[in-house]
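*Asks:* The structure that follows is given in the form of structure tokens.
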């Protein structure tokens, strides 16, 4: 293997810094002048500014555009932009690819550069979701409380009571029922959620989500790859993924999860035998997840405060609603607690 010269590394870094910053500026102009979205425009600007210190004079000096063989390489798709969405998608992909190159080759120059570009890449994933994400995903981002159901005879009544308490996000979870029963319950829950303008997701089963026209699906670590689920569900449905550690989080984000579950925070019978990830993982998610995430696992009204203190703003609940005698009141109280950080 030929040893790469410092000049070659410098040229790679220079080209990809240019590529990333140009792509971000293209996206920023749309956010600023067309959408007039201050938050998205500011994020683009901050990303550009975070890259600027790494674009040092020696990298610029290594540039050799006249002799760069890549300047003559073109693809027919480069000249085609069917609409603004396609333009934005192309530039965001360009930025993500450039940041990956900077992450890898930057390590050869300065490990801190590689680490910085890795975090910036995750932020671009979040920017892409906020800019191009479906209306369903945008609604999910506004949900602070997420009910994951458990099997019971009065399932519909319990869920409706929670919806009456202000709940806006429900996941139907039943690992053991026969498919005919699961389909009927999922269909009934979907209709109920629509009456209350709440989102409805199905646990694990992409086929069931499709059969009842759910708003999306939540996948475990052993379920279908996100890319396969996306191909089946289409671009607008919500796809979530359970994660229990930083490695699973990074993989889910890279694969395109719209949101992730972070936990189990505490021991819970719904994850029997699973060691709790603890509040440490919640704290990790605060600074490392660019996509929406819900703390999950053994959370109730008594320990919600410390989960919030660890940085969680969105939580998923099972027993604290499903097993209470007054789901409406329990839901309202949980939402009141969460409203202290989600005014």
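Positions of Cβ are set from backbone N, Cα and C atoms, glycine also.
Residues or ranges marked as 4-amino-2-methyl-5-(diphosphooxymethyl)pyrimidine binding site by Swiss-Prot: 171, 172, 173, 174, 175, 203, 242, 271. Sequence annotations record features per position, and here Swiss-Prot assigns Mg(2+) binding site to 204, 223 based on sequence analysis. If you look up Swiss-Prot, you'll see 1-123 marked as region 'Unknown'. According to Swiss-Prot, the region 'Thiamine-phosphate synthase' annotation covers 124-343.
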*Asks:* Mind computing the max CA-CA distance among 171, 172, 173, 174, 175, 203, 242, 271, which the record assigns to 4-amino-2-methyl-5-(diphosphooxymethyl)pyrimidine binding, rounded to whole Å?
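*Replies:* Value for the max Cα separation, rounded to a whole number: 16 Å.
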*Asks:* Let me know the model's mean pLDDT on the region 'Unknown' (1-123).
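*Replies:* Reported value for the region 'Unknown' (1-123) is a mean pLDDT of 90.
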*Asks:* Go through 174, 223, our binding-site residues, and report the one whose Cβ sees the most other Cβ atoms within 10 Å.
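*Replies:* The most densely surrounded of these binding-site residues is 174.
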*Asks:* Quick one: pull the CA-CA distance for residue 204 (Mg(2+) binding site) versus residue 171 (4-amino-2-methyl-5-(diphosphooxymethyl)pyrimidine binding site), whole Å only.
*Replies:* 10
*Asks:* Can you count helix, strand and coil residues in the region 'Unknown' (1-123) using DSSP?
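*Replies:* Across the region 'Unknown' (1-123), DSSP assigns the residues as follows: 101 helix, 0 strand, 22 coil.
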*Asks:* Quick one: Cα separation, residue 242 (4-amino-2-methyl-5-(diphosphooxymethyl)pyrimidine binding site) versus residue 223 (Mg(2+) binding site), in Å?
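*Replies:* The separation of the Cα atoms works out to 10 Å.
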*Asks:* Which number gives the other C-beta atoms within 10 angstroms of the C-beta of residue 271 (4-amino-2-methyl-5-(diphosphooxymethyl)pyrimidine binding site), all protein chains shown included?
*Replies:* 19
